[in-house]
């Protein structure tokens with residue numbers, strides 16, 4: 001391998017703009033056929049990060065012509081109240097996509113709430129039914145966890161082949177690590193998932209052709225534990241010692257030896273919301289078929 | 001590691017008998033409360049292997065006091081007919097467990113049929129909703145693919161700790177490989193899944209602390225590619241050159257270097273039906289709560 005190589009930057013900002021552009025166009029066409037895709041986001045409590053994300057999603061939806069409502073409930077809302085709200089949205093024929101912002105307050109069991117969403121209105125690919133379809137590699141069309149699907153879109157757009165590759169997924173969250181493992185398996189990769197109980201993370205990272213990292217640890221991946229030519233997908237969103245937004249990878253270090261790398265910010269980040277919008281519109285299309 | 005070690009044999013025959021004994025006892029208790037667990041198995045076509053399996057399941061159910069019906073449909077049955085049958089079983093309150101024997105004839109889409117089964121009556125853990133619950137590590141109680149759950153029962157009974165271990169799953173079927181990956185991830189193992197597109201299988205097998213193999217290749221695992229002290233779970237059911245039933249592992253070779261190994265026959269095999277019976281009764285218990 002050539003140590004002098006410069007990695008190709010996977011430009012998530014540009015790619016997400018293209019997806020959003022296509023989504024907006026599709027919404028216009030649907031509107032002409034009297035179909036008006038609509039998303040509702042349920043936010044419980046006052047978590048500032050969640051409030052920010054929900055505002056961003058709401059704003060982006062409106063910008064693309066998707067009807068969007070935010071239901072903001074107080075921190076002490078009961079599980080039963082949320083379940084009944086979901087039931088109401090499930091029955092409301094004007095709603096195509098339902099998203100419950102995570103995390104939920106302690107008194108609400110997230111699994112119960114997510115399981116209640118009609119799989120046909122699941123904008124986030126979080127419903128067990130849709131997660132299961134992915135996990136059995138069902139050939140049909142269904143929503144998938146947005147960040148994970150956004151990463152697959154990156155591979156496709158940059159013509160990165162996965163078949164037979166040694167792919168490493170670091171982290172096993174419901175929204176990134178777990179769906180990533182299934183998506184990569186479905187694309188014929190050899191897939192390893194490691195978590196915080198791994199004795200020696202570097203023993204795994206050194207052998208990987210592709211690394212998808214979602215750990216929240218600055219500089220976890222660097223020249224010393226990544227092989228030249230590897231493809232680095234960085235899902236981390238961390239603050240370094242200078243309070244600068246960085247990922248799990250040492251970008252300066254790795255951009256000289258990786259073959260592809262996603263920057264932070266401007267990499268995986270923008271793909272999540274773009275995919276959420278894409279899936280809301282796909283839900284609408286499937287529901288009106 | 002000591003090359004002179006002799007592997008402990010994981011005795012699936014004995015363990016499955018214990019499970020069956022507990023299941024029979026539980027059925028008796030339920031009967032006293034006027035609950036009569038009932039399984040229906042749907043068999044389409046004349047595949048001799050499937051017919052044998054269905055007979056074995058039916059016989060075992062009856063032996064344990066579980067009511068059991070087999071619905072045998074002709075090879076040219078339409079998908080719609082099977083879907084309507086499933087709908088009827090879903091509505092029939094006397095039925096607790098529904099199992100559709102795989103494979104189905106070409107004209108029937110297996111995903112459609114399996115998705116139609118009420119997740120509460122899914123004896124096989126095949127319904128996407130239940131697969132998804134496993135894939136998000138839902139804490140509730142739900143059926144899981146029987147062979148994979150049977151293997152987890154083995155780990156538990158033999159007090160084999162999975163946390164942090166380097167576990168390798170060879171194969172990615174819906175009934176073994178895929179659920180195994182999720183079960184191992186949920187138990188904090190570091191999990192690798194490889195398939196037929198792996199360039200060098202031995203590079204993976206050599207590093208594994210635990211190998212679960214479901215490939216159908218005789219002698220795939222042997223002294224040359226398994227590390228001393230590894231734990232070998234052999235899901236293979238193959239005929240060797242002398243028409244003898246063997247697994248994916250060279251048992252004679254590995255029983256001298258592995259720490260634990262499952263024989264073929266008498267290892268994983270009997271666990272599948274025992275787990276199916278266990279889950280049918282669990283379905284009944286959950287439904288009558």
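Heads up, the Cβ atoms here are built off N, Cα and C, so glycines get one too.
Here the structure is a predicted model, which means the values were calculated and not measured.
Copied over from TrEMBL, here are the features:
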type: BINDING; residues: B:171, B:172, B:173; note: NADP(+) binding site
type: DOMAIN; residues: B:10-124; note: domain 'Tetrahydrofolate dehydrogenase/cyclohydrolase catalytic'
type: DOMAIN; residues: B:145-286; note: domain 'Tetrahydrofolate dehydrogenase/cyclohydrolase NAD(P)-binding'
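Shown on the structure are the features that TrEMBL records.
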residue: B:171; record: NADP(+) binding site; Cβ neighbours (10 Å): 22
residue: B:172; record: NADP(+) binding site; Cβ neighbours (10 Å): 21
residue: B:173; record: NADP(+) binding site; Cβ neighbours (10 Å): 17
Proximal to chain A - binding-site residues among B:171, B:172, B:173, CB under 8 Å = B:172
Secondary structure of residue B:171 (NADP(+) binding site) (DSSP, helix/strand/coil) = coil
For the domain 'Tetrahydrofolate dehydrogenase/cyclohydrolase catalytic' (B:10-124), what is the mean per-residue pLDDT, to the nearest integer?
-> 97
What is the number of residues in the domain 'Tetrahydrofolate dehydrogenase/cyclohydrolase NAD(P)-binding' (B:145-286) that are helix, strand and coil, as DSSP sees it?
-> 49 helix, 26 strand, 67 coil
If you run through the domain 'Tetrahydrofolate dehydrogenase/cyclohydrolase catalytic' (B:10-124) with DSSP, how many residues end up as helix, strand and coil?
-> 60 helix, 19 strand, 36 coil
Excluding B:171, B:172, B:173 themselves, the NADP(+) site's Cβ centre has within 8 Å the residues B:169, B:170, B:174, B:176, B:177, B:178, B:193, B:195, B:214
